[in-house]
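Remarks on the structure that follows.
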């Protein structure tokens, strides 16, 4: 007597089933599946060939210069010979969530300058340290180090004039270098009238949800440099909410002024429309007009954090794509500062 093992019995039953002829309905389904699979393979081959053909056509129709112009938005850029500094010397005054939000704002700030038709010639980030540096290092394999026309210092912004002290004949020359630096702060009583080439404008890189008062003003006074606020109240009387702006909004307003030489147009084009729809905030906690960090919704912090990785990744991608003509898209800037 032959005793078959269980796996052998199962295999025998399967062979018996597969050997039976398929019904007409099953045959039609099988034929249709095979036909669709064949069409899919053919379609993929056609799409692949079409992509190759387009790449060849682009390579034949353009040289390196037109490709560079496409990457920069298809327009001519005229640089404004001034420097903007983002002061990151507030790392220990922020929560982890605020640090995450700030780093995303830095990515958007760089993106705004790179996409502008009138970019600043230099974008300098100072006092890079602590959690801010760790967060930036973790995004896209420290992609910020590959950003063009940017400088990153671990030292404070006072290096701008102290590094020139050796070449200065005396305190008067040193004071002259310091006189070209302006710290933008909401708490200043001085109003910024215009931007000038050869000047350096400092934006406080802190996301504190307006907890700290006179923070940037005190720092400017300690450094013995000029300070000023944006003239928002002079041009926009209908701004019913607190005149508190994020880093990217301050930076984009500066960019827009350089482009138009019109403060009112710069404010209206950059300040979010929601700020014109809220009730006026009165009382001792109301902020003076100017520029300081403000996040209206906690959810924006996470959205900024997600967007930062996309921006950093796309910026790095564009640098790598210079040799193959492939352009990459980028999210719109929506940043923050103090």
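Cβ atoms are placed via backbone N, Cα and C, with glycine included.
Per TrEMBL, region 'Disordered' is recorded for 1-73 (among others).
Summarising the annotation, TrEMBL assigns compositional bias 'Polar residues' to 13-22 (among others).
For the compositional bias 'Basic and acidic residues' (35-50), DSSP puts the residue distribution at 16 helix, 0 strand, 0 coil. TrEMBL lists 35-50 with the feature compositional bias 'Basic and acidic residues'.
Annotated domain 'SAM-dependent MTase TRM10-type' per TrEMBL: 67-278, in sequence order. Mean pLDDT, taken over the domain 'SAM-dependent MTase TRM10-type' (67-278), works out to 88 on the 0 to 100 scale.
The region 'Disordered' annotation in TrEMBL covers 278-338 (among others).
For 292-307, the entry in TrEMBL reads compositional bias 'Acidic residues'.
Positions annotated as compositional bias 'Polar residues' by TrEMBL: 323-338 (among others).
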